[in-house]
Amino acid sequence: ENISDFSLNVTDCTQVVVPEEVFFTVAAAGILENLLILIAVVRNKNLHLPMYFFICSLAISDMLGSLYKTLENIFIILCKVGYLTRHGDFEKKLDDAMDSMFILSLLGSIFSLLAIAADRYITIFYALRYHNIMTLRRALVILAIIWAFCAGSSIAIALFSYEAATVIPFTILFPLMMFFILCLYVHMFLLARSHAKKIASLPSSTVHHRTNMKGAITLTIFLGVFLCCWAPFVLHILLARFCPHNPYCACYMSIFHVNGTLIMCNAIINPMIFAFRSPELRSTFKKMFYCSR
C-alpha cells in the first residue's frame, strides 16, 4: 500500500483497477474448471497414470492461485468496510498465510510443469522402458517430494519476504526453472526425428511417436501460457523490492491488478487445453455431464 501511494507521487501513470466482480468471476471459474479435472481423473481409472497425476498437481496449483486472489480481495473488502485493519497482529498473520499460498501456487506450478516435461521426455526417448522407469508409485513419491519442498519453501519465503537474501533466490528460481525446461524441450525436439527413425521398424511405433509428440506440443502450450500469465507478476515483485521509487518501475506497478488477473486466467486456460488436447479427458467430461443430466 505504501509503495502504491508513493508511486502516485512519482509517476503520472494512473492506477489500473480491475472490478472486484471480475476478480471473483475469473477466480470461481478457475477453481471450478480445475476441480472438474481432478474429479475426471479420480473417476476414470484409465486416467490413473503418472502423466495425469502430474496434470492434477498442476491443477491443484492453479486452484491455489485462484483461491489466493479470492481471499486477498475478500481481505481488502473487509479492510475497506472497517472489519479488519491493515496493521494488526491477526491481519499480519493472515497476510503471511495468503502470501505463503501464493508462493506455494507459483512453486507448485513450476515443479509440476517440470515433472510433466520430464515425463514427456522419458515417454519419447525411453518408450520401451517407460513403465519400468515411471511407475505410479514413483510418480506419487515425486509429487510428495515436490509438494513438501514447495510447502516448506513457501512458508520460509513468506516469513522472511522482507529480506533481499530471500527475495533474490525466489525470483531467480523462476527464470532458472523455465530455462531448464526450455533446454529439455530443445533437446527433446532435436532428437525426436532421429529417435523415430530408430524405432520405425517396431509395430505401432509411428502412432506411438505421434501420440508422444502431441503430448510434448501440449506441454509447450502449457509453458507458453504459464510464462505469459506469471512472468508479469514476478517482474512486479522484483520491481517492488528493488526500485519502488523509480518512476518507470512505479508506472509498471500501476497495473498490479491486471497482473493478478492474468494469474487467475492461467487457471482457466490450462483446463481448456487439457480438454481440447486429450480425447480421454473429453470422453470423461461427456460421461460426467451425461450422467448428471
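The count begins at 1 with the first shown residue.
Any Cβ shown, glycine's included, is placed from N, Cα and C.
TrEMBL entries are annotated by machine, without manual review.
Distant neighbours of the transmembrane segment (22-42): 48, 52-53, 55-56, 59-60, 62-63, 65-67, 69-70, 73, 260-261, 264-268, 270-272, 274, 281, 284-285, 288; these residues of the same chain sit at least 6 beyond its ends, with a Cβ under 8 Å from one of its Cβ atoms. Annotation source TrEMBL lists transmembrane segment at 22-42 (among others).
Annotation comment: TrEMBL describes 33-274 as domain 'G-protein coupled receptors family 1 profile'.
Under the heading transmembrane segment, TrEMBL lists 49-68 (among others).
Residues annotated as transmembrane segment in TrEMBL: 102-128 (among others).
Annotated transmembrane segment per TrEMBL: 140-162 (among others), in sequence order. If you look at the transmembrane segment (140-162), the same-chain residues 6 or more away from its ends with a CB under 8 A from one of its CBs are 53-54, 57, 96-97, 99-101, 103-104, 107-108, 111-112, 115, 170.
Feature annotation from TrEMBL assigns transmembrane segment to 168-192 (among others).
Residues or ranges marked as transmembrane segment in TrEMBL: 213-235 (among others).
If you look up TrEMBL, you'll see 255-276 (among others) marked as transmembrane segment. Using a Cβ-Cβ cut-off under 8 Å and counting only residues 6 or more beyond its ends in the same chain, the transmembrane segment (255-276) has close neighbours at 4, 15-18, 22-23, 26-27, 29-31, 33-34, 36-37, 55, 58-59, 62-63, 65-66, 69, 72, 109, 218, 221-222, 225-226, 228-230, 232-233, 236, 282, 285.
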